[in-house]
Amino acid sequence: MKIGIVGAMAQEVEILKNLMADRTETRVASAVIFEGKINGKDVVLLQSGIGKVAAAIGTTALLQLAKPDLVINTGSAGGVAKGLKVGDIVISDETRYHDADVTAFGYEKGQLPANPAAFLSDKKLADLAQEIAEKQGQSVKRGLICSGDSFINSEDKITQIKADFPNVTGVEMEATAIAQVCYAFNVPFVVVRAISDGGDGKASISFEEFLPLAAKQSSALVLEMIDRL
C-alpha cells in the first residue's frame, strides 16, 4: 500500500518529511512531492501550496504520478464549532465549499455542477483517525469541514458560514478541493487537521503563534495512522 499525505504549507509537512527514509523530491508547477518510506511504509507527501487551485493542481499531480491508494489531508484549520480550542483535532465525515454558489440553477449552496453537494470521507479512515486521536488523549470533533479561498478572521464571516452550514466544525482553504480531486479519481480520502485559531478577529495572531502546535498535533496523529495502515 502506498499512503498519500497532503499539506498546504512547509510547516504542515515538515515533521513527516524529516522522518522519510530514501526521500526523493519532484516538483510539478507550484507543488512539491516527496516520496520515500516512513517506518517502513511507502509514503508520498505533497506540499501543495495554499488555496483551492494549488491544492487541486498538486493533488492531481500526486494521484497521476505517484498513484497512492489513499489520501490523508493534514495541517491546520480554524475551529468554529462550539467547544473547539487550539490544538484540538477535527476529522472530516464530509467536506463542502463555503464560497461556491450556483443556487440560481437549483444546486445546493457550496455545490458545483456535475459534483455532489458534499464529498464524503472514507469511513474506515475517519474511524481510524478518531480511534488514534482519542487514544493519544486528543480532544476530537468529527463532522463537516468547509473550504474557501479566504482566511476566516471575523465573527461576521463565521456567522455567514454557519448560516449556510450549521454543522460546520472547521474551516480552511484546501480540503474540499483535495476531496474533489480524490472523488474524480475514485481514491479514498480523509481530512485530519489540528485547530490553530478560532476564525475570529484574533485569528491571524493565533494562527502565527499556534501553527507549529497544530502541525505537531496533526502530524503525530497521521504518523500513527501510517503505522496502522
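Every residue gets a Cβ built from N, Cα and C, even glycine.
Annotated substrate-binding residues in Swiss-Prot are Ile152, Met173, Glu174, and among Gly78, Gly79, Gly83 the one listed with them is Gly78. If you take the CA of Asp197 (active site, proton donor) and look 10 A around it, the recorded positions you hit from Glu12, Gly78, Met173, Glu174 are Gly78. Taking each Cβ in turn and tallying the other Cβ atoms within 10 Å, the top scorer among the recorded positions Glu12, Glu174, Asp197 is Glu174. Rounded to a whole value, the Cα-Cα separation of Glu174 (substrate binding site) and Glu12 (active site, proton acceptor) is 13 Å. Here the Cβ of Ile152 (substrate binding site) has 25 other Cβ atoms within 10 Å, regardless of which shown protein chain they belong to. For the substrate site, whose annotated binding residues are Gly78, Ile152, Met173, Glu174, the maximal Cα to Cα separation is 13 Å.
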